[in-house]
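Participant: Input: one structure, supplied below.
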Amino acid sequence: GVSAVAHRIPCQDMPPTLIRTNRFTSSFQGIVDAYGVGRYREVNPAPYTIITFPFLFAVMFGDVGHGLLMFLFALAMVLTENRPAVKAAQNEIWQTFFGGRYLLLLMGLFSVYTGFIYNECFSRATTIFPSGWSVAAMANQSGWSDEYLSQHSMLTLNPNITGVFLGPYPFGIDPIWSLATNHLSFLNSFKMKMSVILGVTHMAFGVFLSIFNHVHFGQAHRLLLETLPELIFLLGLFGYLVFLIVYKWVNVSAASASSAPSILIHFINMFLFSQNPTNHLLFHGQEVVQYVLVVLALATVPILLLGTPLYLVRQHRHRRNTQRRPAGQQDEDTDKLLASPDASTLENSWSPDEEKAGSPGDEETEFVPSEIFMHQAIHTIEFCLGCISNTASYLRLWALSLAHAQLSEVLWAMVMRIGLGMGREIGVAAVVLVPVFAAFAVLTVAILLVMEGLSAFLHALRLHWVEFQNKFYSGTGYKLSPFTFTVDSD
């Protein structure tokens, strides 16, 4: 009949982290927690991962047919998730797929969307809308004779001839590109530039999220000494690269495409403070803009390197000179702390690891300026060099997307196309296509769905852990372990 008595003793230790999840969000939170459990009240990347992870996966896995198969497989698990037999399955591989069923559901759905963008369904293009290219206009104005057509098996569509190019395809890539011999060259340029744009946008969003951490933890100085210089460095260099890509897409027409300047040469000359006379400028005053952006980016490096350490050293000296208290007063403050019934005022009394030596509750002997400078130097080098390596790392979106498309093309050409051309009669075709389609289906599931899907999943995981989360997420906390009398059966 005696009730439990609990005494609440406030302290300056970092509280544990509790993030409530449901069936849908648990798999996405598991991806984040595998990198590291967030600190108490730190920005949680999981809500943003719900959108960005399936999308980056789908960029590498874009195919309507493959995405639809993955979506239907995940949908079957979602619809049968409450059945006891499904929950009680002991197979580890099945438990892995079942635990991430909602993740697979979104991955498949996003892959269907990007498959429509790429206009690929089992490597075949579909003509949903009329093509924007007119062969008839080319034939009428070029005067192709029967002798010319017999000698040239491949014809070139020139968009500079009136009536050949009718306008952009309404949604995705025009299906006529699937018939073009330079199909791979076109997709190579398109997907490479698309990967750079997505990568810079993703990293800039990660830097922007760090603002909420600094504001919540009362570190306003980091907004000016870290976040702002990081945004200037990232957007001044690689944001400018994205601007050049979009500007060239919009302003260079098909008539001047052969003499269009190279963005890569301009970007290299930007760091060398030079100009290639054979590579024309994209816009007036481009040299001045590039020089100013490079100088601004270089000027942010000393601020990143020395700004926060010097501020902490100055703050520590000011505290040491103005807050010297008698020993008796410290004892009184300790008694008040232990007797306080409310710990809400101490919610922000602990500080992150990098500022632990300079937190108000630490003693003077615990402040080590060399550790502060060393930590900030590592952070600066990691960010500045990481902007280059991380941007290049997003090119895996381009490489994996091309690899998936080419594997699909090879599988169709080596299996289905041969089977479709083996017999013209209905009976022969029916007999031949049964084993051919069976082989095509097995290879599609084994190679393109399982192996390629796992590869794209791992690359998307790396992009979130290394390129995105390290911009704002420390992951140095620990999960809440509630007190319970239940004995763990494991």
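Placed from the backbone N, Cα and C atoms, the Cβ positions cover glycine too.
Because the structure is a prediction, the values reported are computed rather than measured.
This is the feature table in TrEMBL:
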| type | residues | note |
| --- | --- | --- |
| TRANSMEM | 48-79 | transmembrane segment |
| TRANSMEM | 99-118 | transmembrane segment |
| TRANSMEM | 194-212 | transmembrane segment |
| TRANSMEM | 232-250 | transmembrane segment |
| TRANSMEM | 257-276 | transmembrane segment |
| TRANSMEM | 288-313 | transmembrane segment |
| REGION | 343-364 | region 'Disordered' |
| TRANSMEM | 426-451 | transmembrane segment |
Participant: Between the transmembrane segment (257-276) and the transmembrane segment (426-451), are there three or more CB pairs that fall under 8 A, provided the residues in each pair are separated by 6 or more in sequence?
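Facilitator: These two stretches do not touch.
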Participant: Under an 8 Å Cβ to Cβ limit, what residues of the same chain, 6 or more beyond the ends of the transmembrane segment (232-250), are close to it?
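Facilitator: Distant Cβ neighbours of the transmembrane segment (232-250) are 193, 196-197, 200-201, 203-204, 207, 260-261, 263, 266-267, 270, 282-283, 289-290, 293-294, 296-297, 300-301, 304, 383-384, 387, 391.
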Participant: Who are the chain neighbours of the transmembrane segment (194-212) in space, where the CB to CB distance is under 8 Å and they lie at least 6 residues beyond its ends?
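Facilitator: The answer is 43, 45, 48, 52, 56, 59, 222-223, 226-227, 230-231, 234-235, 238-239, 241-242, 245-246, 387, 390-391, 393-398, 463, 467-472.
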